[in-house]
Structure formats: structure tokens, C-alpha cells
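**Q** Found this in TrEMBL, in case it helps:
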| type | residues | note |
| --- | --- | --- |
| SIGNAL | 1-19 | signal peptide |
| DOMAIN | 39-228 | domain 'Aminopeptidase N-like N-terminal' |
| DOMAIN | 264-457 | domain 'Peptidase M1 membrane alanine aminopeptidase' |
| BINDING | HIS327, HIS331, GLU350 | Zn(2+) binding site |
| ACT_SITE | GLU328 | active site, proton acceptor |
| SITE | TYR408 | site 'Transition state stabilizer' |
Amino acid sequence: MKFYFVDVLILTVWSLSNCQPVEQSTNINSKRLPTNIYPINYNIFITTYLPGFEWNADERSLTYEGYVIIDLEVKESTDKIILHSDSTEIVNAGLLSNNSEIIHWKLTPDDQFLTFYLNRTLEKGTKTQIFIEFRGKLRNDLKGFYLTDSLGTNGETIRNAVTQFETTDARLMIPCFDEPEFKATWQVSLAYPTGAVGLTNGIEERTFYDGNFTKTKYRKTVKMSSYLLAIFVGDVQYKETKTDGGLRIRVYADPQNVDYIDHALNVSKLTVEGFEQLFGIGFPMEKLDFVSVKRSGASAMENWGLIVHKSTSILGSSEYVSEVVIHELAHQWFGNLVTMKFWNQVWLNEGFATYMTMYGISSIYSNSNFDFSFVNYQEKAKANDHDLTLNSVDTHNDGSIGVPNINYSKGSSFIRMLEKVIGTDNLLKGIREYLSENSYSNTEDIDLYKSLERFYNRSENDPSLEEFGRCWTHQNGFPTVHVETINGKTILTQRKYIKIDSEYESFNECGYKWDIPIWYQKFGEEEIRMEWFTKDKNELELNVDGFLIVNANSYGYYDVVYSDSSYESIAAEFRNNSQMYSDSTKFRVLKDIMLYEYSENYLHSALLIVDSLKNSRNFGLLKSANQVVTDVKKKLSFSGTDEDLEMIKRFETKLIEGNAFEGCEPSETFSSCYQNNFKMFSDACSAMKLYGNDQTSDRLLKWLKIEETDGNKEQILNLLDCGFWRILIKVLNDKSYNWPLYIRQKFPIYFQRKERKLAEIGKQPKSRSFMDFESFNQFIMRNSNRLSKY
Ligand SMILES: [Zn+2]
């Protein structure tokens, strides 16, 4: 039985092909779709057979079936229609207009092309419609249309089904033109067992009941790429708000977790209102839904109007939840409204979303250190910047490798440079033009540069933004700037970063040179100046007297190497004039110093810088200083002077004698102490790692006993997770705390271990087994990698 809608019953008059699909592989050089036919609109009808609701499951349980009618425009005459399909069974197909008929179709697994061969040519400029009936199984691998689950009100497991299509997995569910450039409108209708909730990108238009099934027709979407289509069917409830402009926002979660979505709802309202003003473009869909799912390969997915979040990135009130919500909302403009032409330029999506997240976070959290938050992305990017280019000139990223992390970290670091080169206000003006001129279409990086260039007041000899961007995004790696003082003059030279993989040396367009914006700060002056070090020059002489710090505020995505004598001067300057230099500047100097072993005394120089920073209350900076001390001690050849040993001792004593909350009164509440001491969670987390002592953990446990809100309790658990994992396991296993479900789901590994242990011995274990430190570190590393992939 099929659950079609009355208004599509005319389907029966169409003559359908009886051909069976032929599965065979062909040698097709390019995996890109031909551009002779474009989709204009998809009409999709899907029935999902999900057990557990008001429907007696039969052999169709855990499957879906449906059909799609695609309106097509013929751009070049052709006798073939080629689109994507993979793993879904094609049941039937036919053309609904023109005099042409499908004579047979063929699926080629290599490129996932579904080719329909026609009996006569479709002429250029004509329109036609193709009808394709299909069915498939709900998957288990977090791709396409897959199964996830939730906990029912009586503790039972309930199956839910949800889609994840980015990058190239829409074709796993629905035959479609599955490349970002083939934008079309999508009209979706869903049939699902009564009792379940059905969601998709568009707002619901009408719903009716047919036996045990509910059928809902949703309003047609705006023009969008296939990877942004989304469908959810399952057991959820929601809370709702409206923006000042009247946009309906709902956050859906399973019934047991619906009390923990208020924060996400508030952040999304604020952010949508903020972004609408900032970009000058209203959110174009009629509603915005978020849905929390337990199983997801990503933290969240920005489907237009139906953002799917993994439960751990939407429940509760952590800064991480805010970050992910803001990131996905940035995509509603950067990615959904204006989309990259192809996957090799996905950094335009992810770089901007990451960059805009920092802006969103700094408006919501007044404590945040806006500049300092970028240095983490720079360091993440540099650690991975060996093989992939941001803007692959080949087909290196055809979508099949997903979205590598470098697109987020280096993408946002490069955009940060653009901002500082042309000015924040100019960047914003350029972005507004870029978004409004390219709405509902696709772009390449040159379109972005074109918009920004209009607001860039550059001198004649300065590189154009396109030229600047080409060498930073087409080349892997980044430059190192060497600073030397010769006869009182400051001379800079640039060399490529030493760890660049030779595999990509073949890309020679820029010869591993870069147009480098040199930001520098003279000793004793607050102003940060900029001068271009273009790639055609062998060296750059800075016309300034006295010492200076290069890459001040860490605006640039490059490393700097100084001479030993310069480090002595910088350390003295940091000691004597500390307030003159930002934490980002200090962090940059500290990071750069350990990367290179050019000088005999670099370990001594490193300790001088560490010593100059030991009184900082920026715990991220102190954590890096601590890492430098650890590295210095590890160097086997290191035989420290008395002065070196004294500096190490001074630094370590400060850590041993201090605690993370030493600035707080004994009776101070957790919230007040947290807000007064730390800039953001990452800062507090660094403090937990630095001061892993009893005083710090005792204070946390004391607060945990008296705190009443779940949000504060969760934050304390998060802090324990940073530096006190043994205590965390103990606390999480303590039933007297009566942890809500979302917290238990957030730290699943601890609970799974406990449950397994209980099942093994059939009783409460007397002593608990712990992970060793190394496996725990690996666990955290694995998870932190996953977290950045949203
Ligand atoms: Zn993203």
C-alpha cells in the first residue's frame, strides 16, 4: 500500500517503463554531472515505516518508499538524463511530458550516475518532468536516511529516522542532481505512523490522517542544494519562540530531554536576530527548527530550516552548545543562501561559519577574549596544514572525503587576515554585497574577492585580494618570517614552513611564496601597523627604529623566528611593559619560539619568555607556557644553567602553590567565581589542567553538593572532565545526584563502562576500574577531533 496524496493521483495516467536497472560500471573520466539538464523543482513523497507508533509493524518495517517528480530544464539538447543515485532501489520511472519516453536506465556504481536513455532527443530550451519511484532500507551508518533512537517515557527505546546528506549522500535516499550547483526548490510530503512527528525543511501546510498513518504536506522551500534537504521522523516534543521579526523557531528533543533545550532556543533567537541585522538579509524560510538526535556523525548539520544536532551539542547550557548553534545559524547565510560551486571550495562555507561563530560568541559572552579565541584555530590549522590545500585546484575534494578540518581552521584564519587587511567595517560591507548579489546561487572565491575589493582602499603596489588569496588557499602550508636586526635595521625574509609535505610541491603557481601582511608592534607603542611583504621580494626592510614584535596580536597565519638577543629584549619588554601587549601577541611569541631550533640558546630564550609571562591570569597562555617548560625539560641535550633551572622552579612553584580559584572568596558562589575568573570555558578548562591539585577539585566538589541548577552542575562536571577524570567517574556514578538523562548521555563512556561491569558481575562492583591515563587521553583526542567536525 502506498500513501500518496490526492493531488498526485494523476500519476496513474502516465505510462511507466518496465525496464529493469542494469548495474554495470563504465569508465567515466569525470565524476561531475553533465550540465545539459538542470532541476527546477522536486516534488517528493516519502512513506517511512517506523515501528513503535500506532502502526502494526510488518515486513516493511524500517524501510521507506516513495517517488519524486523532478521538473527539468533542458540547457543543451540531449537524449539522456543523468542524475545521482546510490543504494536505493529504483522501482519505476517515466517521463511525464514531451513525446519522449525512457527506453532503459543504467546505474553506474563508480560515479553513482543513474542514466536514463530516451527514445528521442530533448530539445534545448524545453522543459520536461521525470518521475522516479524508489524504495530503500533505513540505514545504520549515520548516512542518507538512517536510524537513531531515543528513550520513551517508560524507559523503552524508540526508533527515529533522520537524514544526513552532506556531502554526497542525498543520493543514498533520493535520486537527485546531487551537486551543490544544481539548486532547485523542494516540495516534500511525508507519510509516517501516527504518533510520530514528521519534519522537513519547509513549514507544514496541511496534515491529515489515513488509518494508522499521518500525512503531512510541507510548503515548498526556497531554491537550495540537495545536500541541505532534511527529513526527520520520530518521537520528539518541542519548545517554541519567535524572533522580533516573527520567525517561528522550535527546538525538538525526545520527551525525556525537552526540559533542557531552553538555552539553545534563547541563543538561536538572539543569533538569528543578530545575523539578520548584520547581513541585512532576513532568514528566508518560514520557520526554523532544530532537532536533537542521539546518533549523528557530526555535531550538527545546517539543513536549511531543519538543523539536526547531536543531543550533546544542543541539550544543556554550555558554551559548546552556543558555539554549535551559532555555527549552524551562520551557515543559513554562508552555505545555504550562498553556496560554493563545488566541494573543493567548501572552506567558503566552513571558514566563514567558524569565523562568524567567534563574533556570535563574543556578543553573547561579554567575558570572552575575542582575539585570543582565534589563536586556537590558527594552531589547529598549522598542525594539519601539510597536505590538503584549502582551495584544491585539482579534484582533491570532490566531496567524497567529506569536509576536512583544515577548511574550518585555516579557512577562518585566512578570513581573519582578510578582515585585518581591509578593516572590519569594510569586510562587513563586502560580505553584505557578496551575500545579496549571490543569494540563491553558487560562488567561487573570486566572487568573494570581487565584493570585498570594492571596499578595500589599497595602494597601487599592494597585491589584489584575489592575488593575495590565491597563494594562501591554493598552496598548502604557510610561511615562516625570519626577523634579523642588521646595523640597526630590521630585515625580514620569508621561507616556507619546514614540515611541508613534498607530495604537493608540484603546485608551483606561487612557488611556495606568499604575499604576507606583516603586522608589527614597536616596543613601547600600542599601535599595530601593517606592511606588505610581497612574494616577489627576497627581503623586506622595515623602516622603524628599535625593536619590534612581528605578527602582533597573531593576526597573521604565519610563524616568526627572531634572534636570541631579540628574545631577551622581548622578554624584558613583556616583564616591564606587560599591559602594552595583548595575550594573543604573547601567545604568538611563546608558540613560535619552540618551533625552530635555529639558535644554540633557544631553550634559554624560551624560558626567558615563560618567566616573563608567569604572572598572567590567562590560563590558555599559562598552559602553553607550561607546555614549553615540559618540552624544555624533555630535551635530552639540555643542560640548564643555574638561571634556567631557577626560572623553571619559579614557574612550577607558582603552579603547585596556586589553585584555579585562588582569586575567589571562600563563600563565593560557583557562578560568580567562574565569571570573575575565567574568560570562557576553554580558559577555565586550561586552569583545571594547570592546577590539577586537591584544593581545586575540593572546591568543585563542594560547589557540586550545593548547586541547584542543572546548568551549573553540568558546568562543574565539564570542569572535572578537564583535569579530574577519576573524580568525574566517581561523581557520575554516584546515584544520589540523580543526574538528568541529558547529562548521562553526555558522558556515555563512563556509564557504558559501569553498566557493562554491572552486567558482568550481576551486582554493584566493590571497586571500580578506571581507564589508564593514556587511553583516556586517546579517548579525549578522538572525541575532540569529532567535535570540530560540524
Ligand atoms: Zn559547518
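Using the three backbone atoms N, Cα and C, a Cβ is placed for every residue, glycine included.
Could you place the listed features in the three-dimensional structure?
**A** On the 0 to 100 pLDDT scale, the domain 'Aminopeptidase N-like N-terminal' (39-228) averages 96 in the predicted structure.
Taking the Cβ of GLU350 (Zn(2+) binding site) as reference, residues of its chain lying under 8 Å away and at least six apart in sequence are, in sequence order, VAL403, ASN407, TYR408, GLY411, SER412.
DSSP assigns GLU328 (active site, proton acceptor) to a helix in the three-state reduction.
According to DSSP, TYR408 (site 'Transition state stabilizer') sits within a helical segment.
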**Q** According to DSSP, which kind of secondary structure is GLU350 (Zn(2+) binding site) found in, if we only use helix, strand and coil?
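**A** Going by the DSSP assignment, GLU350 (Zn(2+) binding site) falls within a helical segment, counted as helix.
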**Q** Near HIS327 (Zn(2+) binding site), how many other Cβ atoms are within 10 Å of its Cβ?
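**A** Within a 10 Å radius of the Cβ of HIS327 (Zn(2+) binding site) lie 25 other Cβ atoms.
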**Q** Around GLU328 (active site, proton acceptor), how many other CB atoms lie within 10 A of its CB?
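**A** Counting Cβ neighbours of GLU328 (active site, proton acceptor) within 10 Å gives 27.
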